[in-house]
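Down below is the structure, laid out as structure tokens.
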Amino acid sequence: MTTEITTVKCPTCKQAVIWDAASIYRPFCSKRCQLIDLGEWADEEKCIPSDDMVSDSEDWSETR
């Protein structure tokens, strides 16, 4: 029985990453690339697109 090795590209540096339990930072190749990605989300360089327009006004509330 032959098992296929699945590889993905690291979202940060594009290096090939083997997708299995031994790759503890998957889909990233390393802790460094994982932290770079986290920093981009924290700095709002990355975001999930939305049709909702949220303003910073005083009327804004977390409940709808």
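Glycine is no exception: its Cβ is also placed from the backbone N, Cα and C atoms.
Keep in mind that this is a model prediction, so the values were computed, not measured.
As written in Swiss-Prot, here are the features:
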{"type": "BINDING", "residues": "Cys10, Cys13, Cys29, Cys33", "note": "Zn(2+) binding site"}
The one of Cys10, Cys13, Cys29, Cys33 whose CB sees the fewest other CB atoms within 10 Å, among these binding-site residues: Cys13
In the same chain, which residues outside the set Cys10, Cys13, Cys29, Cys33 have their CB within 8 A of the centroid of the CB atoms that define the Zn(2+) site? Pro11, Thr12, Lys14, Gln15, Val17, Phe28, Ser30, Arg32
